[in-house]
Amino acid sequence: MSLSVEKKLSAASSVTLVDESPSNDKGEMCGSKYEIDDSCLRAYLDRVRSTTGVVASPHHEPDHAGIFRALEKRIISINEETCSPGEENSFFVCDLNELVTLYKNWRKELPRVTPHYAVKCNPNPKLLYYLAQMGVNFDCASKMEIAQILALGIHPDRIVYANPCKMSSYIRFAEKQGVLYTTFDNVEELHKIKKFHPSARLLLRITTDDSTAQCQLSTKYGAALSSVPELLQTCQDLQLNLVGVSFHVGSGASDFSSLYYAIRDARWVFDLAESSFTLPALTLLDVGGGFQLHSFKESSQVLRDGLEKFFPEGCGVRIIAEPGRYFAESTLTLATHVIAKRKVNDDEAMLYINDGVYGNLNCILFDHQNPTPRVLHHSDKFHYFDFDSSAPPHAVSKNHRYKVSIWGPTCDGLDCITKECYLNKDLVVGDWFYFPHLGAYTSSAATPFNGFDQIADTIYINEEEAQANIASL
Ligand SMILES: Cc1ncc(COP(=O)(O)O)c(C=O)c1O
């Protein structure tokens, strides 16, 4: 780091303000503008969790009746003994009205924050179309994702090309298509952008503490605060159009102190750019993804409070986010078929199903998920509403008599959905499982390994309700 850059860094770090912070139970404030007292922040977060926890899922139950009807209709139409290859494949049910409910809930909890859906999470064309109809914008990671969104007739200004390390040819593609917003976190990227897309509107992605998130991203992306002065200096020297800051607190985040700290750090970057450089005032904050339905009340409360302290309404900064999982997870249900069984004894078996970790259940490997298999069809009867049909080892009851391991269809031993699970029914070949809430980071990373179909069929439900609800938004 150069001396002048170091001076700018220390000058900016010493700036403090004495406005409101979250307080602990005794009413003591959690510190000044950049310095946060960790114990106060913890007390504040505990309070947020205890008050929002009782309504952890502020959202209605999924449309179980609609999902069940779609599953039942498809399964009744399949005769496992006579069907052609492919007809008994696993398939999704996608509830389009769920998307509208989720969006309404987003607007209620985070009215200041414009969502840019992270296409990587699930690029299902109909899901993207409905999100676009509602006015949701998009976060794209590659040329293909940009092209897919533009093909929907979306204006390029509604896209953030949120990948800090891009191929030069992809930068040229973005430039040609008029996609202006993009992220960066290193000096070399700035030189590429100067060469291939000099009018791009840049968001400096900073690192976060995402050590407790389900999927960590800051191991790979994000500038350390110590490198921010050099990056600002490079933007200034190259006369690039820096417009703001972005971060991501990790996908499947659970400790929202990282969100609060990240907003504080972003404020520090905004102030440093203004106080120590001749850059125009920054006007855009991108708070990334990491939102989940079950903790959305809590994360929203922390985000609202963090914004209120560091970027209060009227401060001239537009706030956007890049949610993926929040929109996709509960919208899709997967149904899979038992294709083989190896009995170990009367109460124990290995079950083989027609989807696995190389297909739509790749989330077990790539996304650290533990999807819940539930019995859908057994002995000529549907059991969708028996939500207690399966149990993991720690939750097993005497009702769950049958111990199973569940395996995918490929020849790889790694293709295991669960090594130990307990069912209340003795499943056989031809029976069906379903996996609720399986829309996030599933179909987007499925492979054709071993020659199995890569793309599963999707049945859409509640399309009319969704259309009517969108019209009344
Ligand atoms: C840059 C970026 N934005 C947004 C997301 C979406 O995150 P989430 O699905 O946790 O909301 C991701 C996920 O990897 C990401 O890498």
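Every residue gets a Cβ built from N, Cα and C, even glycine.
Taken straight from TrEMBL:
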| type | residues | note |
| --- | --- | --- |
| ACT_SITE | C411 | active site, proton donor |
| DOMAIN | 95-439 | domain 'Orn/DAP/Arg decarboxylase 2 C-terminal' |
| DOMAIN | 98-328 | domain 'Orn/DAP/Arg decarboxylase 2 N-terminal' |
| MOD_RES | K120 | N6-(pyridoxal phosphate)lysine |
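Looking just at the domain 'Orn/DAP/Arg decarboxylase 2 C-terminal' (95-439), the mean pLDDT is 96. Note: the Cα of the residue listed as 'N6-(pyridoxal phosphate)lysine' and the Cα of C411 (active site, proton donor) are spaced 28 Å from each other. Secondary structure at the residue listed as 'N6-(pyridoxal phosphate)lysine', as computed by DSSP, is helix. Within the same chain, residues at least six positions away from the residue listed as 'active site, proton donor' with a Cβ under 8 Å of its Cβ are N450. Take the CB of K120 (N6-(pyridoxal phosphate)lysine) and look out to 10 A: across all protein chains shown you find 21 other CB atoms.
The residue listed as 'active site, proton donor' carries neither a helix nor a strand DSSP state and counts as coil.
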